[in-house]
Amino acid sequence: MGLVTVGELKPAFTGKRGFRLNSTIRHASEWPISDVSSDLTVQVGSSSFCLHKFPLVSRSGKIRKLLADPKISNVCLSNAPGGSEAFELAAKFCYGINIEINLLNIAKLRCASHYLEMTEDFSEENLASKTEHFLKETIFPSILNSIIVLHHCETLIPVSEDLNLVNRLIIAVANNACKEQLTSGLLKLDYSFSGTNIEPQTPLDWWGKSLAVLNLDFFQRVISAVKSKGLIQDVISKILISYTNKSLQGLIVRDPKLEKERVLDSEGKKKQRLIVETIVRLLPTQGRRSSVPMAFLSSLLKMVIATSSSASTGSCRSDLERRIGLQLDQAILEDVLIPINLNGTNNTMYDIDSILRIFSIFLNLDEDDEEEEHHHLQFRDETEMIYDFDSPGSPKQSSILKVSKLMDNYLAEIAMDPNLTTSKFIALAELLPDHARIISDGLYRAVDIYLKVHPNIKDSERYRLCKTIDSQKLSQEACSHAAQNERLPVQMAVQVLYFEQIRLRNAMSSSIGPTQFLFNSNCHQFPQRSGSGAGSGAISPRDNYASVRRENRELKLEVARMRMRLTDLEKDHISIKQELVKSNPGTKLFKSFAKKISKLNSLFSFSSLKPSLSGKASSESRFLFQRKRRHSVS
């Protein structure tokens, strides 16, 4: 805080100085009392000041111009920035009274000095120079002080803009923010060199939170300035989140069931929509690893949908949907449960069309990555070690698996909506490619929930729903449940039993001759590799290498799947037979399947009791078989 002391005026006016103030002026006791009557009345808003011409004319160019005619005794300053409070301080300064310049009044005094033309042209050490000195020494070097003064400038438009005070404060905030970022980076570098894992924490009075007091226009200008100065995207994201939470406090609704209970008036919706659209424009650059949290993007999208009444927010909505789609693998179920706009004619609880676009964006991005990887391989040497991006443990495949699990959970959630049409559900269920799901249990659960909630759908729709499920990817528990599920069509139950029988047969065949089975069962899937020089001439080395990689991936997956299936079979093939027999003893289909299971069981027992070449017991033979298969994978 600064204290400005004004020296005595000219000796000719060092005698008694009289004031007669209107009753509307507070703190009248602070003014010196004089027997000299006032010769000027200044009207500022609803307040009147009975003053003397000479002190004001000696320091204010505007008052001097207004009093060019000596007969004038009344002046109206209706547009004075800061109102009567700022003018009172300026008048006291003209009379030589000590006034305190601080964070709360510096903006008013600076604008008042500009409006009253209290510059050095009329008096030395005038109010304009005093306030400028305070700004340079106390305000501009501090981010927090600059933000506070900038906030006070909001009520001083257009004078604060005319004297360039707003722009200078914004530049000061941007420059100091980047300096602080550089200092923080050097501090982290010192920590890393010293081997200390402790990093400086964000202070509780972090300047980014203070920006929430600014109006939308000033806030937007500050963010644009710090972006141009190179402030990192993580900090910008935190600032945007803090400002949004403060500006829209109580308006963000995450639970779609509560959305219908909240009604905003048209003015509130308009204000909310304007804030959200501005925040979306200020978001950092789009990317698959964006610094903007998924939960924040989802909240913005929900608010855009809730407040939009037409296609006016189309670009904003598309931008948010693309951002969410780019990092969909980071989303949770709550992020994609987007409520429908209540103004529409759709009675469903969730916005299915928006989710279809979001998942499509992610899948298209996945295809673009594959093309980029294929293009990248053209310039790589065949013998060079490269990462297998399509393997189950790769980051790319891991993202696809996360998205597929998210889709299954989403389908299970929206399946409970009684107004959801079958076509919408099927469109979502068929959206993901086949390789996105290693196991189809989640999709089966969602379909079963939908059939339970919608028991009156047509048989054709029921059949189309079940066609989205890959029966070969169902687990043993899911197969057992599906075989007894009366909500499924007969074709689905038969298909499940058929593939279960095939898996049993393949597993037992592999126990007899694993190597022969592998190559016989997959010969139709893998292209024939040529070992001669003539054959290799027809295929380029790049295509041949890609084919070998694909064959190895599929072979490893098949061997791993069969190993797991065989282990489960040895433990559970007896219980499967008992469960199928108990489920419906009167059904010929299950009886016949039980008989086949018995035959397969006897065959499996016979094959396991066959003497091995080494003469060991059946348990040792199985152990030897497992060891051989493990070596074959490596």
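Here, residue 1 is simply the first one shown, and the rest follow in order.
Here the Cβ of each residue, glycine as well, is placed from N, Cα and C on the backbone.
Annotated domain 'BTB' per Swiss-Prot: 38-103, in sequence order, evidence recorded as sequence analysis. Sequence annotations record features per position, and here Swiss-Prot assigns domain 'NPH3' to 205-503 based on sequence analysis. What Swiss-Prot lists as phosphotyrosine is TYR444. The annotation coiled coil is assigned in Swiss-Prot to 542-580 on the grounds of sequence analysis.
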Looking only at the domain 'BTB' (38-103), what are its DSSP counts of helix, strand and coil residues?
25 helix, 16 strand, 25 coil
Close in space but at least six residues away in sequence, with Cβ under 8 Å from that of the residue listed as 'phosphotyrosine', the same-chain residues are ILE469, LEU474, ALA478, HIS481, ALA482
Restricting to the domain 'BTB' (38-103), what is the model's mean pLDDT?
91
